[in-house]
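Annotation source TrEMBL lists active site, GMP-histidine intermediate at A:His399. According to TrEMBL, the Mn(2+) 1 binding site annotation covers A:Asp95, A:His203. Here TrEMBL flags A:202-206, A:324-325, A:373-376, A:Ser380, A:399-402, A:Lys475 as GMP binding site. The Mn(2+) 2 binding site annotation in TrEMBL covers A:His234, A:His324.
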Amino acid sequence: MAISGLERRSEHEWVIPQTGPMRVPAVIYASESLVNAMDAKVFEQACNVASLPGIVGASYAMPDAHWGYGFPIGGVAAFDPTAGGVISAGGVGFDISCGVRTLRTGMTRAQLEAGRERLANELFRTIPAGVGSTTSYRLTGREMDDMLAGGARWAVENGFGRPEDLLRVEEHGCMEGAEPSVVSQRAKERQRDEMGTLGSGNHYLEVQRVVNCYDPEAAAAFGLAEDDIVVSIHCGSRGLGHQIGTEFLREMVIAAPGLGIELPDRELACAPIESPLGQRYLGAMRAGINCALANRQILTQMTREVFARVFPEAQLELVYDVSHNTCKAEPHYVDGRSRGLFVHRKGATRAYGPGHPELPEEYRKAGQPVIIGGSMGTASYILAGTQESEQRAFSSACHGAGRAMSRHAATRQWQGRQVVDELAARGIIVKSRSLRGVAEEAPGAYKEVAGVVEATDRAGLARKVARLEPMIGIKG
DNA sequence: ATGTTC
């Protein structure tokens, strides 16, 4: 079946050939049914990205792609700084380094059941969640700058977690090249008492059980077996990342004409990586990445403290921490030679294959853990990066189910209370301070995560390792 | 995503 403008290259790969202002083709990795269900805006946005200066290879969309600000969410694009390549605030997204980490507890389902209700209550009471949530960890100006430079490493040095955690975080917990001095005072003020908060929207803390190991060897390498209890934390850089995104987006829109950049869409505002503005954004964005890494690290420590009260035997070792909204400098092979590229992944996960030097020793054979968050009430997945992913989309994979309808549409279709009750009937405890938020996040408002993961696996972006089913959800 | 519209 022909889908307007798309050529099918293989079962799970679709191409929009280079035309007009496009500098490279657009490539969509998805099944036929996912492509059919995608908003045409995704294809339009992928083509717009393909027209940006210095783009290398192609503009990619992952199987969970949906309409976003400028770039599609589920979009991947790499740029060569020596060829006028650009960096785009909209290409990273507002929630800089939003991501997810998974902790294994060493507990089985039967052990959890004995105290599940109490654990849910304690987590809900302890983990600050929701719009404008704050904590008592209020940072001084100096501490803020140290946190922005040090990320999760700063958090560990300040008592939040264990040094060995850092081996299982991208960038070993600290994004180098962060420039706290170029982050505005306003961004810092917004973040001052938001460290260790979950936030709202699709962010969550979930207690899950491993229900299926598709690749037992890789699952064992990640410390996972069927019936194990794990905890996943999904959140980002809170007010700070949002403020950085807002400010630089505005500045890039204003600066673009003077930098000789013609924008097909003002939401694609960007600056050459080698320009002073590009460098300033890079320094601020990297500080935003560190903020998110530190935030997830602090939340990890808070979660450990809750478990210590309810299940003292639980261990809570970090499996891995991945970021979904980033632009990172990485070497990639293009046409047989290694080039230093800046890879935007917006709603997309890095998925390094086996043997990559960035990976911790014990994961080097299996490949990078790729954590795919489901919606509340549906499964999450752990995948592993593949060797061929490097040739697909610069070692990238999807990040979640992806929304199937707007938040507004979801609130017309569901009541929060009804969603909570239906999940409870299925044995899933969901706790949230916002019933409207629960309605917006109703499982039915998302694509079928299993189909997205299957397409990701079949497209060769990452391979399935394990499926996780929710047991407790703490929502913003 | 977001002190849910500086």
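Cβ coordinates are placed from backbone N, Cα and C, and glycine is handled just like the others.
Locations of recorded TrEMBL features on the structure.
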residue: A:Asp95; record: Mn(2+) 1 binding site; Cβ neighbours (10 Å): 23
residue: A:Asn202; record: GMP binding site; Cβ neighbours (10 Å): 23
residue: A:His203; record: Mn(2+) 1 binding site; Cβ neighbours (10 Å): 25
residue: A:Leu205; record: GMP binding site; Cβ neighbours (10 Å): 26
residue: A:His234; record: Mn(2+) 2 binding site; Cβ neighbours (10 Å): 26
residue: A:His324; record: Mn(2+) 2 binding site; Cβ neighbours (10 Å): 27
residue: A:Asn325; record: GMP binding site; Cβ neighbours (10 Å): 28
residue: A:Ser375; record: GMP binding site; Cβ neighbours (10 Å): 25
residue: A:His399; record: active site, GMP-histidine intermediate; Cβ neighbours (10 Å): 29
residue: A:Gly402; record: GMP binding site; Cβ neighbours (10 Å): 25
Which recorded positions are spatial neighbours of A:Asn202 (GMP binding site) here, meaning Cα within 10 Å, out of A:His234, A:His324, A:His399?
A:His234
So which recorded positions are near A:Asp95 (Mn(2+) 1 binding site), with CA atoms within 10 Å, out of A:His324, A:Asn325, A:His399, A:Gly402?
A:His324, A:Asn325
From the recorded positions A:His234, A:Asn325, A:His399, pick the residue whose C-alpha lies nearest to the C-alpha of A:His203 (Mn(2+) 1 binding site).
A:His234
Using C-alpha atoms only, work out the spacing between A:Gly402 (GMP binding site) and A:His234 (Mn(2+) 2 binding site) and round it to an integer in Å.
14
Please report the Cα separation of A:His234 (Mn(2+) 2 binding site) and A:Ser375 (GMP binding site) in Å, rounded to an integer.
11
Taking Cα atoms as reference points, rank the recorded positions A:Leu205, A:Ser375, A:His399 by distance from A:His324 (Mn(2+) 2 binding site) and give the first.
A:His399
Distance from the residue listed as 'active site, GMP-histidine intermediate' back to A:Leu205 (GMP binding site), taken between C-alpha atoms, in Å
16
